[in-house]
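Report on the following structure.
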């Protein structure tokens, strides 16, 4: 009799355990469905905000018409015509006129940014007024931004000068005060008071290194805190974030290392000062073939699990959660944008 009772008790325990497991599976299935639905909603609501590829962003002197003409044939993702550091004071006005002329001629396959002079210079306000209605302009980069109030003033000038609402502003973060005020800069720049124009933070690592009295080192340890704080601020406010320039033109190995370092941190791309740096940056900041394949597997596995009512998704031996789905979709969107861009450039690029 005792043996029969023990068997009955064991059967009840197994039945209860099975019911608990099935209940857990059902809960996980329902959670999966809810998460998948939420992920779809988030992705659909942010499609319009997905940035164009920004792997390689090439600076060009606004005074160099030959370099600007050549840029139209280069495979850089974006072009920045510079009116600030790259132009001598006595050439500022002429460079501005040349940049406006180049914009009017068009850059068919390149989003174009112009780096204006700062508002505290004799040329900054006139740069903004002239660029406000320029054709074919994607964004205006503002050097050495340190306070949110600067972005309110910039928006006032642009709006009063007839700038479209979708003309973006990029902030150069290149001083210790700018680093300390990142939250203020980002919160103000994405507010109505600043026209919600802020779309990117760009590291000015050369000026920052100078102000820190730091050394240019191979591992960039003196800059890591500033790089990470800027990236944190960008991500907190839904902005793009670009790494600073690499000055050693003949050290391709170090450029490759810095690009990989920035990519692993989470930067979207790197600003460049020479065309021969473009291919290194493009390769470093684009998803690899295996990464793309794994992302496709994750999305397909999630969709299949949802269709069959499963509560658990495993890809390549790893449990997949909603955060993996979101990241996979982001990477696939970037991959598709890069493929489309390279197809538009054609083999000549």
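Quick reminder: no glycine exception, Cβ is built from N, Cα and C everywhere.
These come from TrEMBL:
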- 115, 174: substrate binding site (BINDING)
- 174, 207: Mg(2+) binding site (BINDING)
- 55-275: domain 'HpcH/HpaI aldolase/citrate lyase' (DOMAIN)
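Just so you know, of the binding-site residues 174, 207, the Cβ with the fewest other Cβ atoms around it within 10 Å is the one at 207. Cα to Cα, residue 207 (Mg(2+) binding site) and residue 174 (substrate binding site) are separated by 6 Å. Under 8 Å, Cβ to Cβ, and six or more positions away along its own chain, residue 115 (substrate binding site) finds 59, 80, 81, 82, 83, 84, 140, 141, 142, 143, 172. On the 0 to 100 pLDDT scale, the domain 'HpcH/HpaI aldolase/citrate lyase' (55-275) averages 97 in this prediction.
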